[in-house]
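Comments concern the structure below.
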Amino acid sequence: MSEPSSQKAFPVSWEQFHRDARALSWRLSGDRGFEAIVCITRGGLVPALIIARELGIRLIDTVCIASYHDYKEQGAAQILKGVGPEVAALTADGGTRILLIDDLVDTGKTARLVRDMLPKAHFATVYAKPMGRPLVDTFVTEVSQDTWIYFPWDLGLSFQPPIRDGHPG
Ligand SMILES: O=P(O)(O)OC[C@H]1O[C@H](OP(=O)(O)OP(=O)(O)O)[C@H](O)[C@@H]1O
Ligand SMILES: O=c1[nH]c(=O)c2nc[nH]c2[nH]1
Ligand SMILES: [Mg+2]
């Protein structure tokens, strides 16, 4: 997906991401019987660490999907790797004891692919946009469809021109 300049920017710091992933952990806590986390790489790796730590889940696997090949073009979504044998053993009932994690749902294309693989898994994301929201069971913050979320692992420190010099923000 492109990141047009007309989109609103929602930059997220490491501290804020940690706080939001913890808030998601709170929403997922309680006696829910999750035995494994499956995170959708790569963005799901970071919240999966935080959620696994908070919920005490040690069996963690990945579904590797490549759908946005760079910041300009959205390529066809491709599953590069499915779950391994330990998690596959939990899929006979559709995956009710599996917690699926991603950083965000946008159009829902990625979520739909994974839902097809694990239809009864609980799907949780930190952020959600309206188009993808119906595919997510639990999330923390919704942003508008025309908002681009900037994750801390994609950002760096840079000079900010003073607002009076025409800073776009
Ligand atoms: O709802 P969608 O429109 O499918 O978009 C959401 C997906 O896009 C991003 O991943 P991306 O494919 O950019 O790869 P990455 O996680 O490796 O950065 C994000 O991490 C989600 O997985
Ligand atoms: O860094 C990102 N921010 C987003 O808002 C987004 N939507 C799809 N893929 C995305 N990646
Ligand atoms: Mg991703």
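Placement of Cβ uses the backbone N, Cα and C atoms for every residue, glycine included.
Annotations in TrEMBL come from automatic prediction, not curation.
As annotated by TrEMBL, domain 'Phosphoribosyltransferase' applies to 14-159.
Arg42 (5-phospho-alpha-D-ribose 1-diphosphate binding site) falls within neither a helix nor a strand when secondary structure is assigned with DSSP, and so counts as coil. Marked as 5-phospho-alpha-D-ribose 1-diphosphate binding site by TrEMBL: Arg42, Gly43, Asp102, Asp103, Leu104, Val105, Asp106, Thr107, Gly108, Lys109, Thr110.
According to its DSSP assignment, Asp103 (Mg(2+) binding site) is in a strand. The Mg(2+) binding site annotation in TrEMBL covers Asp103.
Per TrEMBL, GMP binding site is recorded for Asp106, Thr107, Gly108, Lys109, Thr110, Trp148, Ile149. The number of other Cβ atoms within 10 Å of the Cβ belonging to Asp106 (5-phospho-alpha-D-ribose 1-diphosphate binding site), over all protein chains shown, comes to 24.
TrEMBL lists Asp106, Ile149 with the feature guanine binding site. Shown in sequence order, Phe10, Val12, Leu104, Tyr127, Val143 are the residues of the chain, 6+ apart in sequence, with a C-beta less than 8 angstroms from the C-beta of Ile149 (GMP binding site).
TrEMBL lists Asp106, Ile149 with the feature xanthine binding site. According to DSSP, Ile149 (GMP binding site) sits within a strand segment.
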Open item on the list: Taking the Cβ of each of the binding-site residues and counting other Cβ atoms inside 10 Å, which one has the highest number: Arg42, Lys109?
Closed with: Lys109
Task: Distance-selected binding-site residues near ligand 2 (C-beta under 6 Å), from Arg42, Asp103, Gly108, Thr110, Trp148, Ile149 - done: Trp148, Ile149
Open item on the list: Treating G and I as helix alongside H, and B as strand alongside E, what does DSSP give for the domain 'Phosphoribosyltransferase' (14-159) in helix, strand and coil?
Closed with: 45 helix, 45 strand, 56 coil
TODO: Quick one: give me the count of other CB atoms within 10 A of the CB of Thr107 (GMP binding site).
DONE: 15
Task: Most distant Cα pair in Å, residues Asp106, Thr107, Gly108, Lys109, Thr110, Trp148, Ile149 binding GMP - done: 17
- [ ] Out of Asp102, Asp103, give me whichever of these binding-site residues has the highest number of other Cβ atoms within 10 Å.
- [x] Asp102
